[in-house]
Structures are given as C-alpha cells and as structure tokens.
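Right, one structure below, let's go through it.
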Amino acid sequence: MTSRILPSNVVLGLAPIGLLIAVWQGLVSSGVAPVTLLPPPGYVFGRLLQQLVTATFQQEIVATLIRLFAGFAIAVVLGVSIGIAAAASPAINAMVRPIVRVLAPLPKVALYPALLLLLGFGHGSKITLVAADALFPILLSTYYGASTVEQKLIWSAMAAGTPRYEILFKVVLPAAMPSILTGCRIGLVISCIVVFLAEMITSTDGLGHVLVTAARTFQAVDMFVPLITISLLGLILNGLLGAVRSYLLRGFPEA
C-alpha cells in the first residue's frame, strides 16, 4: 500500500530520517541525554512551526537565501565558463590547472578573515566565500563533461559548416550537461553549509546568526530550529535542482 502512495526511493530516503528522529527521542526518553541539552524532537518541531510564521524568522531565512543564491549563481557562471574554456583551449587549461590544484583542496573558510578585511562584514564577504567554495565542484564537473564529449560529434558539426560558437552551445554544452548539473548539485549543498557557517562567524542576521544568538542565551530548543531549517532548505533546493536536472536530461539514457 505504501509503495502505491510513495515511490520506493522516497521511502528509502525518508527511512534514515525517521530512524534518526527515533534515536533522538529514545536518548531523551531514556535519560541518556538531558532535556536541557537535547530537547525532545516534538518540542523542537513545535518551536520550528511557531517560528516559521513569524516575520522576524522569515526575514532571517530570506537573508540566508539571498547570500546562498548570489554566491551559488556566481559559482555557476564562473565554473561553467572556466570549465568550458579550459576544455576547449590547451593554453587556458595550462593556466587554470595549477590554480585549481592549489586552491581546490584548500578550505576556503581559512580565507574568510582576509575576505572580511577586504570586503567588510556585509553581504560581500559571505557571498564571496559561498562562491569560492561552490566554484570548484562545478568547474571540475564542467571540465570533465566538456572534455569527454565525443570528438566525432564536433567533427561532424564542423564538417557541416557550423560556426564555433554554435558548436559550443548546440554540441558541447548539451553533451556536457549531465556532468555540469551534477557539479551544480554538489555546489548547492556546499553553498548551504558555507553560508550557514559564515553567518555563524560574523553576521547580524541569517539562520547562522540565529543559532549563535540562541547558544549565547543557552536556548537549546532555539539552537536546533535554524539547524533543521537550513537542512530543510537544502533538501528542498536539492530536490528542485534534481527535478530541473531530470527535465533537462529527459532525453539522456542516464537521466
């Protein structure tokens, strides 16, 4: 009966979440975790519903989403552009490759103090940090996808007299789209984590700031609310991007 209502993959995806909530409730009910430090899930979700209808909390969500979307959009534009260019030009590849090898493994949060000095404590430093962290998965996925396009497709287009810019948009980009969208999904998850972390370090608004404020006043329930909210936002955004991916790749066998 359940399989008729919900797809099996949805059921399997919800099962670990249900197990986590059950373990959470068990720890509280058994007294292993004190209620003052780990409030029952019912209290937390009840508080979440209360907060979601308040204008103040909605403004915090909007502030986080603005930074997240701005940083992610910058990462997509730069990552796809540089990845395509590096795949198409050996000279650009030679310039980009050493930079990627040095900066990709570097935790970008280590650069946050420098960004604060350069860009201040406003949106700019946080958006830049999000973009820097989300950039490399998108760039590398784009480069891989564009590099593995079958040469016979490009040769056929060139033999037909197709201009180079049309080959890019009608052959290379569509063929590389599965890899590009996979990189975008990874970059989106990273963006959710990084924007929350940046707001925890230095911010006067946003979900990360809400958590820090609750921690300073020892409000355990209010600490869990922004954590669950950013998790739900990430889940929703990832699901939406997954739906976009399925729509765009509906003609691909792997989609």
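Glycine residues also receive a Cβ, built from the backbone N, Cα and C atoms like all the rest.
TrEMBL has this to say about the protein:
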type	residues	note
DOMAIN	61-241	domain 'ABC transmembrane type-1'
TRANSMEM	65-87	transmembrane segment
TRANSMEM	99-121	transmembrane segment
TRANSMEM	127-146	transmembrane segment
TRANSMEM	167-198	transmembrane segment
TRANSMEM	218-241	transmembrane segment
> Is the transmembrane segment (99-121) packed against any residues at least 6 beyond its ends, judged by a Cβ distance under 8 Å, and which are they?
Replying inline: 128-129, 132-133, 136, 139-140, 194, 197-198, 201-203
>> Which residues of the chain, 6 or more past the ends of the transmembrane segment (127-146), have a CB below 8 A from one of its CBs?
In response: 67-68, 70-72, 74-76, 78-80, 82-84, 86-88, 100, 103-104, 108-109, 111-112, 115, 119, 172-173, 175-180, 182-184, 186-188, 190-191, 194-195, 198
